[in-house]
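First up is the structure itself, then whatever we jot down about it.
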Amino acid sequence: MKLVLAIVLILMLLSLSTGAETSDNSASSSATALRDRLLGRKVRTCQGMGESCSSNYDCCGSLCCAGASLFNGCVMGFVAC
C-alpha cells in the first residue's frame, strides 16, 4: 500500500515538474486568440458598381442597391437611396 502511494506521489511530482500544467496554459492562450479573432474589430467592406448587395448599406458611397429579385446590384443613384 505504501509503495502504491509513493508511486502516485512521485508521478504527481513528476507531472508538475515536467510542465504538464503548461499544456493548459497553451490551450488557454489559443482560446484567447480565437476569442480575440472572433470578437475583434470587423472590417466592413462595401460593394462597388454592379456587385451584388442585399441593402443600400452594402454599397459604397452614393451607390444604391437595386435590381431584380434574383440579382440585386449596386448602381449609381441620381437621388438619395
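In case you wondered, yes, glycine gets a Cβ from its N, Cα and C as well.
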Looking at Swiss-Prot, which one of Cys53, Cys60 makes a disulfide with Cys65?
Cys53
Cys46, Cys81 - which one Swiss-Prot pairs with Cys60 by disulfide:
Cys46
Going by Swiss-Prot, which one of Cys74, Cys81 is joined to Cys59 by a disulfide bond?
Cys74
Within 10 Å of Cys65 (disulfide bond) (Cα-Cα), which of the disulfide-bonded residues Cys46, Cys59, Cys74, Cys81?
Cys59, Cys74, Cys81
DSSP three-state assignment (helix, strand or coil) for Cys46 (disulfide bond):
coil
